[in-house]
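Trainee: Sharing the feature lines straight out of TrEMBL:
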| type | residues | note |
| --- | --- | --- |
| TRANSMEM | 12-32 | transmembrane segment |
| DOMAIN | 18-447 | domain 'Major facilitator superfamily (MFS) profile' |
| TRANSMEM | 83-103 | transmembrane segment |
| TRANSMEM | 110-130 | transmembrane segment |
| TRANSMEM | 136-158 | transmembrane segment |
| TRANSMEM | 194-212 | transmembrane segment |
| TRANSMEM | 254-274 | transmembrane segment |
| TRANSMEM | 294-314 | transmembrane segment |
| TRANSMEM | 326-348 | transmembrane segment |
| TRANSMEM | 354-375 | transmembrane segment |
| TRANSMEM | 387-409 | transmembrane segment |
| TRANSMEM | 421-442 | transmembrane segment |
Amino acid sequence: DFSSVFSAPACCSARYGLAVLSFFGFFVVYALRVNLSVALVEMVKTKVSSNSSSSMCSHSSSPGVQHNTTASVYNWDSDTQGWILGSFFYGYLFTQIPGAYLARKFGGKWFLGLGILGTATLTLLTPVAADLGPGYVIGIRVLIGIGEGVTFPAMHTMWSAWAPPMERSAQLGTVVALPASGLICFYMDWTYVFYIFGAVGVGWFFLWAFLVSDTPETHRNISVQEKEYIVSSLKDQLNSSNKNIPWGSMLKSFPVWAIVVAHFSYNWTFYTLLTLLPTFMDTVLGFSIQQNGFLSALPYLGCWVVMLLGGQIADYMRETWLYSTVAVRKLCTAIGMVGPAVFLVAAGYTGCNYILAIAFLTISSALGGFSMSGFNINHLDIAPSYAGILLGITNSAATIPGMVGPVIAKTLTRSNTIEEWQTVFYISAAINVFGAVIFTIFGKGVVQDWAVPGFHSHGN
């Protein structure tokens with residue numbers, strides 16, 4: 001009856017089971033992506049003391065618990081380290097759009113599952129590759145990037161068939177793995193970062209393989225009530241045909257390009273800090289990631305918390321306050337990009353007040369979590385039938401900052417003076433604000449004409 005279609009209980013439902021497994025899946029995805037950024041600090045030869053004369057600031061810090069130092073240490077220069085850190089993104093860029101197309105054509109379940117299984121297996125082999133030489137690590141990281149390139153488009157493709165419109169802001173990608181990686185690296189040794197998360201990834205795959213289905217219609221244990229609820233919610237928006245994908249109209253769409261620019265801009269700051277924040281903590285603030293891994297991870301922990309809360313706030317604004325979808329997306333994007341820009345610049349003017357610097361960096365990254373309920377989820381608003389393909393397009397553009405942003409930042413901070421870091425922060429802030437302005441002007445919150453079922457590619 002109509003009441004059963006109008007709503008379906010969330011507790012113990014198939015779609016929330018998918019959400020839980022997705023959450024842990026993307027926990028693994030982020031762990032496998034960023035673990036090397038944390039572990040590399042201990043993999044290479046570093047200063048014995050974080051309070052050496054080379055850091056600009058000096059403060060007393062307790063050595064705390066002595067971490068395990070039995071793992072191998074490698075004499076890799078900064079150029080080699082740069083190639084190792086950037087190699088993931090070369091592979092990641094390669095499979096974004098093909099992964100989205102194939103996931104749409106054949107279903108996202110196995111592309112997502114096998115992508116994570118492959119990256120988890122390769123992660124387990126990383127310590128062995130490190131012993132063989134940096135070239136082997138670079139090769140493995142490229143392959144890990146290739147495997148992970150399909151995960152986000154595949155998940156978007158699945159959610160477009162599972163998520164009723166008012167439940168879409170619950171973005172489950174998370175950077176909580178960064179604090180975990182830092183703590184594992186500190187209290188055990190860097191090899192366990194790869195062993196633990198690699199093993200978790202393999203274990204997750206078996207749960208995913210047996211418990212998840214591509215669509216509500218093919219799920220073995222879904223209730224009739226829930227299936228009707230989801231299908232009814234999405235019946236006017238989804239186009240099940242894989243033919244006549246409106247590539248031309250899609251690439252000429254200003255709302256699509258608004259997401260591309262916003263995504264590129266956000267990732268410039270994210271990837272720059274992801275790669276260089278430990279260096280800033282060490283050379284400017286006088287911290288070492290070995291002794292202060294949690295402090296380096298605080299900004300990402302704040303971002304994760306706000307990502308979860310931001311999704312709930314966005315849905316509340318739409319359901320209870322009846323804000324339009326486009327208003328919510330633009331507001332979340334503005335807060336999530338302009339806010340971080342302000343606090344990032346401010347962090348460059350804290351001098352040696354490391355508490356204030358860490359606070360500003362944490363607030364900057366935390367506010368960025370709002371953008372996940374802004375431009376990032378907007379793919380599903382404007383083209384639910386092509387959400388995976390759109391994410392492949394925007395994520396391809398947003399991968400470029402991972403390759404060039406940290407390189408430019410490293411070039412600008414060769415002497416590691418506070419003035420050089422201020423320049424890096426200003427550049428990132430300006431790019432963030434530019435992305436927010438473009439999305440505010442051109443972003444939309446409704447399904448575009450070319451994404452409506454039955455539309456032909458020569459339409460507008």
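Including glycine, each Cβ sits where the backbone N, Cα and C put it.
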Trainee: Over the domain 'Major facilitator superfamily (MFS) profile' (18-447), what is the model's average pLDDT?
Mentor: 81
Trainee: Let me spell it out: take the transmembrane segment (194-212), skip the flanking residues so only those 6+ beyond its ends count, and list any with a Cβ under 8 Å from a Cβ in it.
Mentor: 17-18, 21, 24-25, 28, 31-32, 35, 39, 109, 112-114, 116-117, 119-124, 126-127, 177, 181, 184
Trainee: Before we move on, state whether the transmembrane segment (254-274) and the transmembrane segment (421-442) share at least 3 Cβ pairs under 8 Å, counting only pairs 6 or more apart in sequence.
Mentor: yes
Trainee: For the transmembrane segment (136-158), what are the same-chain contacts with Cβ under 8 Å, counting residues 6+ beyond its ends?
Mentor: 18, 22, 25-26, 29, 32-33, 36, 83-84, 87-97, 99-100, 102-104, 107-109, 111-112, 114-116, 118-119, 122-123, 125-126, 129-130, 173, 214, 379-380, 387-392, 395
Trainee: Could you pull out which residues elsewhere in the chain have a CB under 8 Å from any CB of the transmembrane segment (83-103), counting only those six or more residues past its ends?
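Mentor: Cβ under 8 Å, 6 or more out: 33, 36-37, 40, 76, 111-112, 115, 134, 137-139, 141-151, 153-154, 156-158, 271, 275, 388-393, 395-396, 399-400, 402-403, 406-407.
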